[in-house]
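Record features, source TrEMBL:
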- Arg48, Met49, Val50, Leu51, Leu52, Lys53, Tyr68, Thr69, Lys75, Gln97, Gln132, Ser133, Trp176, Arg186: FMN binding site (BINDING)
- Lys53, Tyr115, Arg119, Ser123, Arg182, Leu183, His184: substrate binding site (BINDING)
- 21-151: domain 'Pyridoxamine 5'-phosphate oxidase N-terminal' (DOMAIN)
- 163-205: domain 'Pyridoxine 5'-phosphate oxidase dimerisation C-terminal' (DOMAIN)
Amino acid sequence: MDRSGIFAGENPFAIARTWLTEAEATEPNDPNAIALASVDPDGLPNVRMVLLKDIETEGEGGGAFVFYTNYGSAKGHELAASGKAAFVMHWKSLRRQVRVRGLVTREEGPPADAYYASRSLQSRLGAWASRQSEPLSSRGALMAEVAKVTALKGPNPPRPPFWGGFRIRPVEIEFWADGAFRLHDRFRWTRETMADPWKIARLNP
Ligand SMILES: Cc1cc2nc3c(=O)[nH]c(=O)nc-3n(C[C@H](O)[C@H](O)[C@H](O)COP(=O)(O)O)c2cc1C
């Protein structure tokens, strides 16, 4: 093991999980927040925070990262069009970062239904009411939409068809751990396709 806690031979999804678990104990808020990047049709990058809801350590491609959003949002359109995403997690308390680049697919099955059902009723109704990323005339208009869907959908709203998950299957994962005098530790897992084995390299800081 490297002194940064990175096992060079280990499953990178397991390392990411371990680091996130450690951050849950030290970060004041949202340790699972990631800055998610996409590109628009002109190739102009776009980035925003979302909450990482699952790190899968098994499955197709050996593992994946999952978050939830509105498919009609800017990110929803951009991810669907390019099929690619990148994100970074940074934990100030631990002085660590994880960078991921990969291919995206929608998660619209039972995991999306289960996560939607686990949210508070207000959040579930909010997902119905918000046309995320579209212009809104006033806060009052949004609250009126919430009242409308509350009356329409009742106490057990189904998951909206325009709301669900994205699963990111990485072709690259890099772990960065702070070192003294900026001599940081960096380890990068790369593969050409999901079917290839990972290549692991230590990088200059
Ligand atoms: C800490 C934090 C967590 C967020 N989590 C999510 C999330 O999980 N899903 C989501 O759709 N938006 C989330 N947002 C809002 C997004 O940053 C963004 O404003 C919204 O998704 C619209 O982005 P878009 O127009 O690029 O699609 C979060 C914002 C912050 C600051």
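A Cβ is built for glycine as well, from the same backbone N, Cα and C atoms used for every other residue.
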State which of the following binding-site residues has the fewest other Cβ atoms within 10 Å around its Cβ: Tyr68, Tyr115, Trp176.
Tyr115
Helix, strand, coil: count each for the residues of the domain 'Pyridoxamine 5'-phosphate oxidase N-terminal' (21-151), based on DSSP.
49 helix, 46 strand, 36 coil
From the DSSP assignment alone, can you count helix, strand and coil residues within the domain 'Pyridoxine 5'-phosphate oxidase dimerisation C-terminal' (163-205)?
3 helix, 26 strand, 14 coil
Among Lys53, Tyr115, Arg119, Ser123, Arg182, Leu183, His184, which the record lists as binding substrate, how far apart in Å are the two most distant Cα atoms?
44
Would you mind ranking the binding-site residues Ser123, Gln132 by how many other Cβ atoms sit within 10 Å of each Cβ and giving me the lowest?
Ser123
Run through the Cβ atoms and count how many others sit within 10 Å of the one on Leu52 (FMN binding site).
22
Using C-alpha positions only, work out which of the binding-site residues Tyr115, Leu183, His184 is nearest to Trp176 (FMN binding site).
His184
So of all those binding-site residues, Arg48, Val50, Tyr68, Lys75, Gln132, which one's Cα sits nearest to Tyr115 (substrate binding site)?
Tyr68
From the binding-site residues listed here (Leu52, Trp176, Leu183), select those whose CB sits under 6 A from an atom of ligand 1.
none
Whole-Å Cα distance, Tyr68 (FMN binding site) to Lys53 (substrate binding site), is 7
Densest Cβ neighbourhood among Arg48, Lys75, Arg119 (binding-site residues), 10 Å radius:
Lys75
Here the Cα-Cα span from Lys75 (FMN binding site) to His184 (substrate binding site), rounded to a whole number of angstrom, reaches 32
